[in-house]
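Since the structure comes first, as C-alpha cells, the remarks are kept for the end.
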Amino acid sequence: MEDPVFTFGLIADVQYADIEDGENYLRTRRRYYRGSADLLRDAVLQWRRERVQCVVQLGDIIDGHNRRRDASDRALDTVMAELDACSVDVHHVWGNHEFYNFSRPSLLSSRLNSAQRTGTDTGSDLIGDDIYAYEFSPAPNFRFVLLDAYDLSVIGREEESEKHTHSWRILTQHNHNLQDLNLPPVSVGLEQRFVKFNGGFSEQQLQWLDAVLTLSDHKQERVLIFSHLPVHPCAADPICLAWNHEAVLSVLRSHQSVLCFIAGHDHDGGRCTDSSGAQHITLEGVIETPPHSHAFATAYLYEDRMVMKGRGRVEDLTITYS
C-alpha cells in the first residue's frame, strides 16, 4: 500500500474550561467545557497510533470563561499537557478566545507561538511586524501557511494601536449595536460577519501571502492555508466569516498552488469547492461535540491526492490533484 508523503492531525475550537457545561453566546448551543479536554486526549491517542508528523490546532484552544475566573494559565497548562503527549510539533492558529485570555504580546511570548517549529525548511514570517503569520514546507512539494485572522480586530490589538483604531472604524461602520458589538448588524446575509468576535487581514499580510503563493506557483508546490476564521461564504455561516474575506479569496484565486483553506470558528463546520478549484474546509468544533462523539481529523498527503479521515462529527474528504 502506498505510503503518504506527510501525515498531520487537525483539531479546532477545543475551548477548554474547568466549569460545568453551558451554552454559546446566543444561548442556542450546548457546550461541553470540561469534557473537551477528554476529547482532545482521545484525538492525541489516535494521532499517536497513526504516527502523525505534526498537528495543526486551528484556534480557540481554551475558552474565554477562563479569563473571568483568573484561570487562563491553568487551563492552558491543561490542554498543552494533552498536546505534549503527541511528541510531535503542534502548530497553533490564534482565534478570538486566545485574545479573550491573553494580550497579543503575551501570546507572542507564549507556547502558543509555534512559528519556530518549522523543521529544517523554515520559511518566512511576519512575527517581527507583530503579525502572527508564518509558512514552511513540511515535506517536498508541499507548503503550510498559517494566517493571523485577528491582525485587524478590536480584540486582537491593543487599544492605543493604529490597527485597533482602524479596526474599530471598520466594525462600527457596519455594526451600530454599540452596546454589544457581538450582536450582528443584520439577521441574515454576509453583513452578519461584522461582529466583535471576528476580525480580518491587513494589506501587509495579504501582500505577504500573495508573495508566498507566487513563489509556490513557481516551485509547483501544493499549499495548505490555515486560519481560525473561514473566508468562503459557502463553507461557513456568514456570522463566522472574516471581515475582508473577499480580499483573501481574491488572492487565493490568483494562484494555482492553493490546494485548500482550512479554518475553524464555525462549530458546525462546512465544506465547499471554490470556482478556482481550491477546497475550503471548516472543521467542526470540539466544544460543541457531545462526550460520546469526537471532532478531529487526520490528513494524509500523497503525490496525487489529500485524504482527510474524520472522526465523529468530522466527515471524510478526498481532494485529488495532478
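Note: Cβ is positioned from N, Cα and C throughout, glycine not excepted.
DSSP assigns Asp60 (Zn(2+) 1 binding site) to coil, not to a helix or a strand. Here Swiss-Prot flags Asp13, Gln15, Asp60, His267 as Zn(2+) 1 binding site, drawing on similarity to another entry.
Within the same chain, residues at least six positions away from Asp60 (Zn(2+) 1 binding site) with a Cβ under 8 Å of its Cβ are Ala12, Asp13, Val14, Gln15, Gly95, Asn96, His97, Glu98, His228, Gly264, His265, Gly285, Ile287. Here Swiss-Prot flags Asp60, Asn96, His228, His265 as Zn(2+) 2 binding site.
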Residue with minimal Cβ packing [other Cβ atoms within 10 Å] among the binding-site residues His228, His265, His267: His267
Collapsed DSSP category at His265 (Zn(2+) 2 binding site): coil
DSSP-derived class (H/G/I helix, E/B strand, else coil) of Gln15 (Zn(2+) 1 binding site): coil
Extra residues within 8 Å (Cβ to Cβ centroid of Asp13, Gln15, Asp60, His267), Zn(2+) 1: Ala12, Val14, Gly59, Asp63, Gly95, His97, Gly264, His265, Gly285, Val286, Ile287, Glu288
Cβ-centroid neighbours of Zn(2+) 2 site Asp60, Asn96, His228, His265, 8 Å, sequence order: Asp13, Leu58, Gly59, Trp94, Gly95, His97, Glu98, Ala149, Phe197, Leu229, Gly264
